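What follows is a single structure, written as structure tokens, with notes after it.
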Amino acid sequence: MSLTWSAKDHKNMSQAAATGHKRSRNDTGNKATVVLGAQWGDEGKGKVVDLLATEADLVCRCQGGNNAGHTVVVDGKEYDFHLLPSGIINTKSISLIGNGVVIHLPGLFEEGDKNDKKGLKGWEKRLIVSDRAHIVFDFHQVVDGLQETERQAQEGKNIGTTKKGIGPAYSSKASRTGLRVCDLLGDFKDFSMRFKNLVHQYQSMYPSLKVDVEDQLKKLKEYGERLRPMVRDGVYYMYEALHGSPKKILVEGANAALLDIDFGTYPFVTSSNCTVGGACTGLGIPPLNIGDVFGVSKAYTTRVGIGAFPTEQLNAVGELLQTRGHEVGVTTGRKRRCGWLDLVIVRYAHMINGFSAIALTKLDILDVLDEIKVGVAYKLNGKRIPHFPANMDVLHKVEVEYETFPGWKTDTSAARKWNDLPAKAQNYIRFIENHIGVPIKWVGVGKSRECMIQMF
């Protein structure tokens, strides 16, 4: 794919201008399909992306860093991705890490090499990295841990960060002291000076922070050289992908709506926009080029770390969901908190993202339950509230209104089409669809690709 603005493009633009023609609005180019989490993460986005990535020409990550964790099972082999787009498995597609992603270089290569040993060959030739992406340094990760310790000491609670340095890296970016991939590949003397200044800035805030600056710079220089062949101007690359020959472009969201820095359960959120706007800003895609937006939700709800969770079940049901669903974080190894499906949060995620359709995953985990509840509304002081509360104290106080469904008590894991599902499971799915007002396109009943029932 050429990365140049061709003379033909220029001529076409100039001709349109010269003859006073209005540029046609429908010549918008290719559309990007976006896959986003509709809850608090861990919904099975990797699976949906993997399904769509088999046909995609370009699979992109637009935000977050290696705080994300996507597991993809292919031919019985389990691959774990944190920074690499899940589409890297597909040898026919290109994977792009966009400008909105923060990259920990040791983490990137470690992940690539680890998956290479499992059989992921030639990944470096299929990966493209935007030159505008910010870098997560080792000391950002140390600071992440120090900040958590400090929060614990001061407030008696922490945020539950993955300690991957994501928050501190985005802080450096926002305070304009961050360093990007293009800086690392530019004048190394200048980069070294700015790196030293950044270290000093953090050391003045955290006197216990020890950094071997020369050793770090030596390693960064090596990583930079290994990265160099993969680096492109992300804006031009994306523009050419959108406006060149017909292409299937897929954007893989990390984290989820309720972890979004603006719309999530602040302050127990991540440091980036994991809603649809992040796909535009994190890759340089105009809104006009956003096509389908698929939301992914589990058939129940989970959350890692602390923060309000209205439908949480601190009882045998919660335990059953946790053990049956193997609810342990891919990135942190922490047990996930579990509860009933909360349609208030899924509807809220839909308000922000405008889902075209939803993938409902892990339905099979509910197979053994006698009855299944679904949260449909929140009440405050006995009155229904029409919105999802921004204030965490308020969210902690809401009372959930539930609809109760009889369980189907049948193993659904072998179901491969809609009619294979028991009638009670079908009713559960239809209720969810009608309540959110978004069609369910896939129903997941197991770990592998084959276990996603496509509805339309």
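Yeah, the Cβs are placed from backbone N, Cα and C, and that goes for glycine too.
TrEMBL lists region 'Disordered' at one of the ranges 1-30, 91-120, namely 1-30.
In terms of Cα spacing, the recorded positions ASP42, LYS47, HIS70, THR71, LEU363, VAL445 all stay beyond 10 Å of THR162 (IMP binding site). With a 10 A radius on its CB, ASP42 (active site, proton acceptor) counts 28 other CB atoms from all the protein chains. Taking the C-alpha positions, the distance from ASN255 (IMP binding site) to ASP42 (active site, proton acceptor) comes to 7 Å. Rounded to a whole number, the distance between the Cα atoms of VAL330 (substrate binding site) and THR71 (GTP binding site) is 7 Å.
The Cβ neighbour count for VAL330 (substrate binding site), using a 10 Å radius and every protein chain shown, is 16.
Of all the binding-site residues listed here (GLY41, GLY44), the one with the fewest other CB atoms within 10 A of its own CB is GLY44.
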